[in-house]
Amino acid sequence: MMSPLVIKLGGVLLESDNAMMRLFKALLDYQKSNKRHILIIHGGGRLIDDLMNKLSLPIEKKNGLRITQSEHINVITGALAGTANKILLSWALKYKINAVGLCLADGKSVNVEKLDQDLGHVGKAKPGSPLFLTKLCEQGILPIISSIGITDDGLLMNVNADLAATALATTLKANLILLSDISSILDGKGQRISEINYLQAKKLISQGIITNGMIVKVNAALEAARVLQRSIDIASWQNTDQLKLLFNGINIGTRVLV
């Protein structure tokens with residue numbers, strides 16, 4: 001059997017019925033003819049931003065990571081582990097996919113500790129135990145996992161979903177796809193880069209071609225490639241037929257090399 005596949009969802013996907021339809025149709029079609037274990041992990045940055053704005057709460061970021069004050073973590077947990085997670089679960093059920101909504105702490109699948117005092121309740125994700133998630137997958141259940149973690153002393157932590165996905169893939173010795181509305185990494189002329197390695201990526205970052213949140217995404221992919229010793233795909237959900245190719249290991253976006 002192929003290695004498990006972790007699909008990290010991001011961008012506007014959670015807000016787009018069209019995107020959800022394409023994704024879950026592709027997943028359903030793929031599962032009909034393939035026995036590969038698939039897991040979904042997600043963030044929900046835009047959903048959090050909308051909620052924070054409605055509540056007149058400040059949105060602060062440092063190096064692409066959200067600063068999460070102690071008085072805000074319950075709101076963010078509700079948005080990610082609650083609303084965003086259950087939206088995805090509802091789409092899975094709509095397409096008759098047997099799924100369960102989880103967070104990083106369930107089954108101790110991903111361990112989390114505080115990343116940086118200045119960031120507040122922002123967690124650093126580390127590999128955990130594969131047993132719980134493997135058992136679910138073996139029963140034909142699709143785990144849908146939010147990027148909310150819990151520390152050993154019981155503190156809720158908001159974890160960058162790209163970094164959480166890396167830790168999850170490491171836990172399961174899985175392949176990793178970073179799926180969003182961004183189809184690929186672009187060069188200085190706006191052209192797709194089909195493959196990129198560490199030195200090339202760092203050069204584009206130093207040149208200001210890769211910026212902001214994309215830096216976190218690329219660094220997460222580079223770290224995942226290093227830890228897993230396998231390439232990582234950055235791709236878009238836009239084309240259903242291409243998604244099926246992607247699930248079978250064919251590069252449709254940018255492949256981050258070891």
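From the backbone N, Cα and C atoms, a Cβ is placed for every residue, glycine too.
The following features are taken from Swiss-Prot:
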type    : residues                                                               : note
SITE    : Lys8                                                                   : site 'Transition state stabilizer'
BINDING : Gly44, Gly45, Arg66, Asn158                                            : substrate binding site
BINDING : Asp181, Ile182, Ser183, Ser184, Ile185, Leu186, Ile209, Ile210, Thr211 : ATP binding site
SITE    : Lys217                                                                 : site 'Transition state stabilizer'
Check your understanding: Looking at the recorded positions Lys8, Asp181, Ser183, Ile209, Thr211, which has the shortest Cα distance to Asn158 (substrate binding site)?
Key -> Lys8
Review point. Are there any residues in the same chain, six or more apart in sequence, whose C-beta is under 8 angstroms from the C-beta of Arg66 (substrate binding site), and if so which?
Key: Gly45, Ile48, Ile59, Glu60, Ile76, Leu119, Val122, Asn158, Asn160
Practice item. Would you list, in sequence order, the residues of this chain other than Gly44, Gly45, Arg66, Asn158 that have their CB within 8 A of the centroid of the site's CB atoms, where the site is the one recorded for substrate? Key: Gly43, Ile48, Ile76, Ala79, Leu80, Ser147, Asn160, Ala161
Review point. How long is the line from the C-alpha of Ile185 (ATP binding site) to the C-alpha of Lys217 (site 'Transition state stabilizer'), rounded to the nearest angstrom?
Key: 10
Exercise for review: Would you kindly give the Cα-Cα distance separating Lys8 (site 'Transition state stabilizer') and Ile209 (ATP binding site), rounded to the nearest Å?
Suggested key: 23
Practice item. With ATP as the bound species and Asp181, Ile182, Ser183, Ser184, Ile185, Leu186, Ile209, Ile210, Thr211 as its recorded binding residues, calculate the greatest Cα-Cα distance and give it in Å as a whole number. Key: 18
Practice item. Take the Cβ of Asn158 (substrate binding site) and count every other Cβ within 10 Å, whichever protein chain it belongs to. Key: 29
Exercise for review: Go through Ile185, Ile209, our binding-site residues, and report the one whose Cβ sees the most other Cβ atoms within 10 Å.
Suggested key: Ile185
Revision key, fill the gap. One residue among the recorded sites Lys8, Lys217 has the fewest other C-beta atoms within 10 A of its C-beta, namely Lys217
Exercise for review: State which of the following binding-site residues has the fewest other Cβ atoms within 10 Å around its Cβ: Ser183, Thr211.
Suggested key: Thr211
Study note, to complete from the structure: All chains considered, the count of other Cβ atoms within 10 Å of the Cβ of Asp181 (ATP binding site) is 14
